[in-house]
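Note sheet for the following structure.
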Amino acid sequence: MKELPGRQLANFSSSQFRTRLVIAVVLLNLMMAGLALQSLRQGLEQSRARAAVATQNIAQLLEHDIAASFERIDLTLQALVDDLQDELARTRSRRDFNSTVRHHYSRQPALASLIVADSAGTIIAGSNLYKTTPGLLADRDYFRRHRDTPAAGLVISPPLRSRLNDEWIITLSRRYDSPSGGFAGAVIASVRVDHLRQLFAGINLGPNGAISLRDLELGMVTRHPELATPEAAIGSRSVSAQLREAIQSVPTAGTYLASTRMDQIERTNTYRRMANYPYYVIVGLADDDYLLGWHRELLKTAIQITAFLLATLTMTGLLLHAWRCREADLSRIASKEKEFRTLLDTAPDAIVIVDAEGRINRVNQRTLITFGYSHDALIGQPASLLLATEEIDLVTPGQAGLDIDLWAITADGHRFPISASFTPIETERGRMVTMAIRDISERREREEALKLASLVYQAVGEAIMVTDTTNRIVAINPAFTRLTGYTPGEAIGQPAGLLHSGRHNHAFFRAMWESLDATGTWKGEILNRRRSGEVVADWLMINTIYDEEGQAQWRVGMYSTVTAQKRAEETLWRQASYDVLTNLPNRRLLLDRLQQEINVARRSGAQVALMLIDLDRFKEVNDTLGHLAGDQLLMEVAQRLQACIREMDTAARLGGDEFAVILGGITDVTHVEPVAEAILRALAGTYALKEGDARISASIGIAFFPSDADHMEALFLRADQAMYAIKDKGRNGVGYVKDVWKPTLPGR
Ligand SMILES: Nc1nc2c(ncn2[C@@H]2O[C@H](COP(=O)(O)OP(=O)(O)OP(=O)(O)O)[C@@H](O)[C@H]2O)c(=O)[nH]1
């Protein structure tokens with residue numbers, strides 16, 4: 001048989017599929033994660049780039065602001081210097097410059113103070129109240145610089161503690177000269193460091209942003225936000241290594257990433273050295289602030305990636321489950337297909353499945369063996385190829401469901417009879433017809449043989465009766481009707497005992513059945529009763545027909561009439577076996593039957609009872625009523641005896657006034673005594689003889705085989721002894737062996 005496509009699908013390795021699926025899902029997830037990471041990295045870089053640009057812009061802006069502010073202050077200082085020098089040239093004397101100073105100071109709101117010192121460093125004019133302590137500023141670096149270097153120009157100090165109010169300030173100062181050109185003093189503008197810090201505070205750099213202003217030695221000038229740490233103190237040169245490296249490589253401006261020692265916050269920083277002033281402006285945006293959006297993006301991406309992972313895992317799980325279900329289905333289909341193929345191939349019939357076009361779609365092994373084709377040679381061929389009968393139409397629906405005897409033809413042209421049955425089946429490929437073909441050659445031969453046998457059976461001269469296992473008549477032939485007078489209607493269904501004459505005892509039939517059971521045959525003479533009532537001796541031969549399991553199925557009895565010779569033999573036999581006076585079996589036949597019963601009892605385990613019966617004082621009958629009366633009484637005794645026993649039991653006359661009875665097949669010895677008592681009673685009744693009434697009694701001795709004796713002669717002896725014991729006791733009674741004979745087993 002060809003394999004179905006389902007089997008090929010089932011062969012596709014499921015572990016291969018699972019591995020590929022898992023690899024694909026893992027790769028897909030890795031790809032998604034890679035893309036997401038790439039996008040995040042780009043986002044991070046863009047954010048950093050934007051932060052760098054923002055800090056650069058702010059640093060530039062601040063530089064301009066501070067420079068503009070310092071320039072304005074310088075212009076004020078220069079204007080004040082001009083005014084002072086003009087005044088000194090004009091008056092050649094020192095005068096009160098306070099009004100001039102305050103005039104200029106009022107135009108500079110950024111200034112903490114504006115003061116004028118003379119050549120000794122003593123403040124001589126000021127925007128605010130000032131100390132007139134002589135030489136108060138003489139030790140200031142910027143003052144000494146102006147005094148010693150006429151061309152010093154604008155001098156900007158590092159952060160200082162104001163000697164006027166102790167505030168942190170930086171000073172911008174210029175020298176002014178006397179009309180002779182000598183050093184006359186300095187004008188000094190103070191800017192509160194805190195003022196600069198407030199300038200920085202006005203710029204929004206986020207919660208963690210920072211701006212600082214440092215001098216060229218990187219000493220802290222001011223910082224926003226303020227910190228109380230030593231690193232953030234004015235003058236502190238504690239800066240990150242990254243800043244030092246960046247300034248070393250590019251002193252003018254640059255951007256770097258670092259976390260400061262003072263607050264440990266990671267920032268993108270831009271430093272910028274001011275063009276005309278000794279300061280670095282450093283602007284830092286905290287990563288946490290400017291990456292807030294990126295962090296949200298990161299979270300969103302992580303959620304998306306996780307969702308994608310879960311979705312793909314779920315999909316994979318569902319797919320694997322579906323695959324497993326499909327595999328289970330395929331395996332079920334494959335198993336069904338295997339079952340189906342096994343069924344087909346082990347079927348005793350050739351089975352051919354024919355499609356709607358009448359072409360062979362599928363066949364079993366038996367078809368190939370029966371028709372002698374190869375599988376491939378049959379598939380696709382018209383189904384009529386197998387049939388020798390042309391007119392059968394396999395396709396027409398009406399033909400399906402049909403059982404019909406046809407002729408088939410093998411590959412080598414051999415024709416043989418078949419029984420074909422057509423059954424329609426609906427398949428996914430449309431309606432098909434299953435054709436089950438059975439080779440009936442043997443059946444045909446058997447039928448022919450039976451037909452012949454039947455003819456013989458009908459025509460034969462011997463009477464034949466067939467019985468079944470229940471011993472009922474199932475068939476008779478015309479010769480049987482001629483012989484017995486029974487028609488088939490009267491005989492068939494009746495027990496075989498229909499023919500019994502009642503002349504045979506139990507032992508006769510038992511022997512017959514034993515022979516039939518052992519050998520299947522029996523033959524002998526049997527007294528049969530005709531339909532007319534006449535009893536006739538027939539010669540019967542019985543044979544047994546067995547079924548395939550060896551069990552008896554039929555018994556065939558053949559009857560033939562007993563011939564004259566057989567009749568003569570029968571007469572002789574009767575004379576030798578029966579008592580002439582009483583017509584009871586004589587001693588010889590009795591011994592025969594006793595032996596038969598003993599044989600049966602040996603096999604069956606039952607008991608046999610032998611009764612010896614002797615009439616009491618019979619001589620007196622002879623003596624008083626005459627010998628004929630004695631004969632008559634003996635005949636009457638015979639009849640009374642027979643009336644007391646069953647048909648299968650035997651009553652015999654041994655001679656004189658001695659009789660015997662055999663009771664066979666005894667399973668319970670207590671059943672024997674009532675029979676013996678009945679015989680006693682029957683024989684004791686009055687005998688109405690021609691010569692007058694007579695009364696006698698009898699003495700009975702009973703012995704059992706095998707309990708009293710293990711063979712016939714001994715059995716006889718024991719019964720005789722039991723009988724004589726009764727005679728001795730006074731007659732008219734029943735005696736048993738056990739009463740007279742104490743068993744001395746085994747030598748009884
Ligand atoms: N009428 C007739 N008598 C016979 C026949 N055969 C034997 N007898 C007689 O039967 C008698 C048998 O007698 P026994 O059995 O010896 O004695 P009994 O009178 O029966 O006494 P017990 O047996 O001792 O009770 C004898 O007289 C025989 O002659 C027969 O065929 N016909």
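A Cβ is built for glycine as well, from the same backbone N, Cα and C atoms used for every other residue.
Annotated domain 'PAS' per TrEMBL: 336-381 (among others), in sequence order.
TrEMBL lists 402-452 (among others) with the feature domain 'PAC'. Counting residue by residue with DSSP, the domain 'PAC' (402-452) contains 12 helix, 31 strand, 8 coil.
In the predicted model, residues of the domain 'PAS' (449-494) average a pLDDT of 88. What TrEMBL lists as domain 'PAS' is 449-494 (among others).
Taken from TrEMBL, the feature domain 'PAC' covers 522-574 (among others).
For the domain 'GGDEF' (606-739), DSSP puts the residue distribution at 63 helix, 44 strand, 27 coil. The annotation domain 'GGDEF' is assigned in TrEMBL to 606-739.
For the transmembrane segment (20-40), same-chain residues at least 6 beyond its ends with a Cβ under 8 Å from one of its own Cβ atoms are 294, 297-298, 301, 304-305, 308-309, 312-313, 315-316, 319-320, 323. What TrEMBL lists as transmembrane segment is 20-40.
Secondary structure by DSSP for the domain 'PAS' (336-381): 22 helix, 10 strand, 14 coil.
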